Amino acid sequence: MTTMDLRVGNKYRIGRKIGSGSFGDIYLGTNIISGEEIAIKLESVKAKHPQLEYEARVYKSIAGGVGIPFVRWFGTECDYNAMVMDLLGPSLEDLFNFCNRKFSLKTVLLLADQLISRIEYIHAKSFLHVSVFLPSGPLLLSTTVPECSRWATLLQTLPCDIAPCLLSSLLRDIKPDNFVMGIGKRGNQVNVIDFGLAKKYRDPKTHFHIPYRENKNLTGTARYASINTHLGVEQSRRDDVESLGYVLLYFCRGSLPWQGLKAATKKQKYDRIMEKKMTTPTEVLCRGFPNEFAIYLNYTRSLRFDDKPDYSYLRKIFRDLFIREGFQYDYVFDWTVYKYQKNAQAIAQAQGQNHPDVKPQEKVTRNRPRHQPSQGY
């Protein structure tokens, strides 16, 4: 049976392939009962390092947050592990390409505000999944436990052996491809996807921060990896927020200085990226852009291994800049304007005349006028 003929969960039909994740391919699917379109991620049961079940568990453990896709179903059908989840829109990398690989300052700041909040939520979310082994089999208890003392009290009330799993996650693969916009009424909402590389940063038994370690292999995308990740240091919350800083500068600049480096092997390329990243001063990396980007990056690089980032402070840095620039928080992103311009030009061309309300297409730049009229969503 081919994937095009496959149904999963008894009510989801698989359609065309629409993308790929770190582990597995993503297909457009349809709920055959309601007709609703959804996304289905498939992974071969023969995969050498299966990750989809783990990813589904991470999604379920952090469910309920803004910008966290909802998993409808997970299971195995024929030769595939399958995860059914919300259908979402294009990734920020797709939209970056659509906008000629440069975002305006307004769009970068609109995104920064949401992205910092998404990372904060994922870092803060704690989920206790206790397996109580009874004679009849394991009983699963699920509860959120914000305090260590409450967690310990709960464990003391259990009459059996337990296997606690407290999940406080790191993303570990911060990149534009893993942030996607919503669709419909949530078209202006940034969503986080692809948790195949997510990792706990708290010990599941003690609730303490994982210990500092070195000589770790690079996990994630080298372009946006933190300096400490390049150096082989165990990743923690500071690395996620530093990686986000590189993503924001990538959007502002169009590229990063360590892109396009040539090397004979992947390790040599990673070493060259690390060297360039470490030797490029912050003021050079952020040259031509507001000082807030340098402030952000310097702050994230100054964090100690087990420090909790001050997410409110990081948001405030960019919100104050947003207000000072006179921007309107209207959710009008560059791709909204660009799409409007392209559609208007297409209409004018189809009519065979110059449309009176259509101005020549302007390249989207960071010097967009301070007050942008709302063009719709």
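Each residue's number is its place along the chain shown, starting with 1.
Positions of Cβ are set from backbone N, Cα and C atoms, glycine also.
Curation does not apply to TrEMBL; its annotations are automatic.
DSSP gives Lys41 (ATP binding site) a strand state. According to TrEMBL, the ATP binding site annotation covers Lys41.
Per TrEMBL, compositional bias 'Basic and acidic residues' is recorded for 356-365.
Taken from TrEMBL, the feature domain 'Protein kinase' covers 12-323. Taken together, the residues in the domain 'Protein kinase' (12-323) have a mean pLDDT of 84 on the 0 to 100 scale.
Per TrEMBL, the feature region 'Disordered' maps to 349-377.
All chains included, 27 other C-beta atoms sit within 10 angstroms of the C-beta of Lys41 (ATP binding site).
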